[in-house]
Amino acid sequence: MIDTDSARGCLLAGAAGDALGAPVEFRSWQHIERDFGPRGITDYTARGGYGLGAITDDTQMTLFTLEGLLRARERGTDPVEEVRLAYLDWYATQGGGVARRSGELVHDERLHARRAPGLTCLSALGKIAAGQQEVNDSKGCGGVMRVAPVALVAEPEASDREVFTLAGNLARLTHQHPSGYLSAGAFAVMVRALVASASVEEAVEAGLAALREVASEGDRGETERAVRAAVSLARTGVPEPEVIEQRLGGGWTGESALAIAVCAALCAPDLREGVRVAVNHSGDSDSTGSLTGNLLGARYGAEAIPPEWLGPLECRDLIEKLAERI
Ligand SMILES: [Mg+2]
């Protein structure tokens, strides 16, 4: 059983980072800077996006991951199979044809909002729903952005290798390039270290150690290099958005999103600044905001989240209720 405040912090801050980044997800830094000033977007805005504090597919899928994992724990069933069914529930919320519903979340109308859902997730789940084998080579960040709950539900005696492998297998349901699922494994191990009170530095090293232990050199190279680049960039202080883009990419792929989150979590003095750094660049701002929120919320707990981010946060009650069940 893990500390409830870390679990709440991880989930709520992930959702807040998602909501902060959502209005600027598809906008260049030049446009963000023009509209919001030299520090970029720092608070929720009704301008663009889906409304003040609105979450996107990153948080939706994270909640479905959690629901599947909790169901597996309560029934003693296979977590990958339960999460696969939970993802089919999510697919149904997005208009996909699915024969039956498995959980409770699918009946919450708020989660039926379409918030630029990842195309790889939709097409992979469409095949799975039709009973076909999904085969792809996608390394989009749709795998890593949803697996934080693996760290929250893991038994205390589970090894990092087991946490890594489960998170990787959940990502692999839809993203089968190694950088698409190994980034997910490394991320879950980092979150797990943080809920167990590790520093961000220690957590990143734990993620890298598990990556080296589980994956072959050929498979892990891209993810390992991306995380190492993030660590060295964070040593130079808070990087400018253009430097993040040049050195770590736009966060559209698994290893790049993980790298931006690691850099933002390492270089910032607190959760608010970390999430601000994570969302202000030309890339996939809601996903990088969500990952950074997961990391820093696990580290510092829900009280580190600015109250003005928590107040209007969409589905906050749902997140709190699920966190209680952990
Ligand atoms: Mg999104």
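Backbone N, Cα and C define each Cβ position, glycine as well.
Remember, TrEMBL labels are computer predictions, not curated facts.
Fair warning: this is a prediction, and the values are worked out from it, not measured in the lab.
Straight from TrEMBL, the features:
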BINDING   Thr56, Asp57, Asp58, Asp284, Asp286, Ser287  Mg(2+) binding site
Filtered binding-site residues, from Thr56, Asp57, Asp58, Asp284, whose Cβ is under 6 Å from an atom of ligand 1: Thr56, Asp57, Asp58
Among Asp57, Asp58, Asp284, Asp286, the most crowded of the binding-site residues [Cβ within 10 Å]: Asp58
Tertiary neighbours of Thr56 (Mg(2+) binding site) (same chain, Cβ under 8 Å, six or more apart): Asp18, Ala19, Ala22, Glu25, Tyr50, Arg115, Ala116, Asp286
For Ser287 (Mg(2+) binding site): intrachain residues, at least 6 apart, with Cβ closer than 8 Å: Asp18, Gly21, Asp58, Cys141, Met145, Gly251, Ala257
Secondary structure at Asp284 (Mg(2+) binding site), reduced by DSSP to three states: coil
Other residues, Cβ within 8 Å of Thr56, Asp57, Asp58, Asp284, Asp286, Ser287 Cβ centroid (Mg(2+) site): Asp18, Gly21, Ala22, Glu25, Thr59, Arg115, Ala116, Gly118, Cys141, Met145, Ser285, Gly289, Ser290
